[in-house]
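Student: Feature list, courtesy of Swiss-Prot:
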type	residues	note
ACT_SITE	H234	active site, proton donor/acceptor
ACT_SITE	S364	active site
BINDING	144-146, 175-178, 185-187, T233, S365, 370-372	substrate binding site
SITE	E377	site 'Important for catalytic activity'
TRANSIT	1-43	transit peptide
Amino acid sequence: MYRSARSLHRFSASLSDLRAAQRSIKARNVCPAPGLRHQTVRMASSEAFRIERDTFGELKVPSDKYYGAQTVRSTMNFRIGGVTERMPIQVIRAFGILKKAAAEVNKDYGLDPKIADAIMKAADEVESGKLDDHFPLVVWQTGSGTQTNMNVNEVISNRAIEMLGGKLGSKDPVHPNDHVNKSQSSNDTFPTAMHIAAAKEVHEVLLPGLQTLHDALAAKAEQFKDIIKIGRTHTQDAVPLSLGQEFGGYVQQVKYSIARVKASLPRVYELAAGGTAVGTGLNTRIGFAEKVADKVSALTGLPFVTAANKFEALAAHDALVELSGALNTVAVSMMKIANDIRFLGSGPRSGLGELILPENEPGSSIMPGKVNPTQCEAMTMVAAQVMGNHVAVTVGGSNGHFELNVFKPMIIKNVLNSARLLGDASVSFTNNCVVGIEANTERINKLMSESLMLVTALNPHIGYDKAAKIAKTAHKDGSTLKEAALKLGFLNEQQFEEWVRPHDMLGPK
C-alpha cells in the first residue's frame, strides 16, 4: 500500500501521536454534568461528548446539544427541583425574539452581515420551539438569570456556527458573548425577556380565556333574566332578585378582571434592553435601545417601547408585581364565582339545588351515582395557587437591592404560571360547566315562596317594626307570611297580594 519505508514510518508516527492525544484528553479532570444523559444524535462530532471551555476551565458537553460549558456548569451547580422546575419555555422563546432583534440592530451598526444573519436564523429556531430540548436549566439559579441568558447565547452561537459550516464549541465564527450578546448584559436581557413572555402569555392565553368566560356568563344572565329567586346575604335569606341579576354580577366581575389586566400592560410593554449592566447603557450605541424595542414590537405585534428609565427597569420589577396583583384580583373573582355556582348547585336533594350543573364524570370511588362540581373545585384550586404565586412575586419584587433585582427567574415563573392557569381554567370552567348550567325552577320557586324576607316589601306600608313582627310570628308558628299578617291584623288579604309581589321587588320604583 505504501510506496516507501519512509511513508510507512510517517504514518506510524502520526498514529502514535493521535493515540497519545486521546490518552491525554481522557486523563484530564473533565466530566459531564451530573444528571445529563442524552441519546447521542451526531451533529458536528463523531464522539458522545465534545470539550468546551469557559473562564473556569474545560467541561464535557454532549455532542448532540447546542449549549456549551456555562450551561453545563449551571446544571452541575444548581441541582434544584429537576425537570419540573426548568425555566419556563415562554422565557426561552422570548429570548429568541430579543436575540433576533438585537442581531438585526447590531447588523445596522456594523456587525458582519454573515454573522448577524446566522444569529437571526438561529434565534428564529429558538423562538419557534425547534430548539426547546437545548435549554435544561432550572429557575433556581442566579437571580439575574445570567445562566439562562448564556444558555441562549451558547445555543444560538453553536447553531449559527453549524449553519456556517464551523465546529461546535469553537466560538468561531460566531461568539456567544461578542456576537450573540453584543451590546447586551444578562441584567437587561433577562428582564426584557420577562416582559416579552408575560405580555405574550396575557394576550395569547389569559385574555382570550377570560373573554370566553365573560361571554358564557353573559349568555346565562340573559337566559335567566326572568327567573326570580331568593337572595342571600350573610348566607341567610334576603330579598328577591332574578337569577339573571345574580349572574350579571359575575359578568361584571370578569369584565373588570379583563380591564384590570389590560390596565397593567403599559408598564409591561416597557423593555429594559439597552440598559446593559446597571442601566447606564455601557457598551451600546446611541439609539440601540429604541431600535431593539421597535424590532421586538414588529416581531410580536405588541406595542413594546424602550423603558423610560433603565435604572428602574433593572433594579425593580414593579410592572410585573402590578400585573401579578391584577391576576391576584382575577383569582379573587374566580374564587367567588366558582364557589357561588357550586353552592347554588349543591344537592341534589339535600342542598340548595337552585342550579343543575353538568355531570362530567363519576364523583366517588365508594358512593355509587355521586357526581361532584369538579370544574368549580379546579377553578378554586387555581385561584388559591394564583394567590400564593402573588405572595412570592410580592416578596421577590420588594427585594431589588441597589441597581439590580435578583429574584427575576422566580418572579417570571410565578407570573407566567398565574396567567396560564387562569386562562386555561377559564376555558375549562366555561366549556365544562358554565355553558351547561340550567336553573332548577321548581326548587327556586319553592325556596322563594317559603322565604320570610319577602316581608321587606311591607316596610313602606306598615313600617319596619310591624313587618318584623309578621316575620317572627310566621317563623315561630311555621306559617306563611300571609297567614301571620292576617292573624296579626296589620293588613288584609288584598293589601298583602298587592304589596308582596316578588317581580316588583327587583329594583327601584
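Cβ atoms are placed via backbone N, Cα and C, with glycine included.
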Student: Spatially, and counting Cα to Cα, which of the recorded positions is closest to D178 (substrate binding site)? Options: H234, S364, E377.
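Tutor: For D178 (substrate binding site), the spatially nearest of the recorded positions is E377.
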Student: Counting other Cβ atoms within 10 Å of each Cβ, which of the binding-site residues S144, T146, S186 scores lowest?
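Tutor: Taking S144, T146, S186 as the binding-site residues, the minimal 10 Å Cβ count falls on T146.
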Student: Out of H234, S364, E377, the recorded positions in the record, which is closest to S186 (substrate binding site) when you go by Cα distance?
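Tutor: Closest by Cα distance to S186 (substrate binding site) among the recorded positions H234, S364, E377: E377.
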Student: Let me check the 10 A CB neighbour count of N372 (substrate binding site). How many other CB atoms are there?
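Tutor: The answer is 16 other Cβ atoms.
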Student: For S186 (substrate binding site), just give me the three-state DSSP call.
Tutor: helix
Student: Could you state the CA-to-CA distance between S364 (active site) and S144 (substrate binding site) to the nearest Å?
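Tutor: Answer for this pair: 47 Å between alpha carbons.
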Student: Validating a neighbour-count step here. Other CB atoms within 10 A of the CB of K370 (substrate binding site): how many?
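Tutor: Result for K370 (substrate binding site): 11 neighbouring Cβ atoms inside 10 Å.
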Student: Taking DSSP three-state, what's T233 (substrate binding site) in: helix, strand or coil?
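Tutor: Assignment for T233 (substrate binding site) reads strand.
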Student: Under a three-state reading of DSSP, tell me whether T146 (substrate binding site) is helix, strand or coil.
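Tutor: Looking at the DSSP assignment, T146 (substrate binding site) belongs to a helix.
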Student: May I ask you to report the DSSP-based helix, strand or coil state of E377 (site 'Important for catalytic activity')?
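Tutor: SS state of E377 (site 'Important for catalytic activity') = helix.
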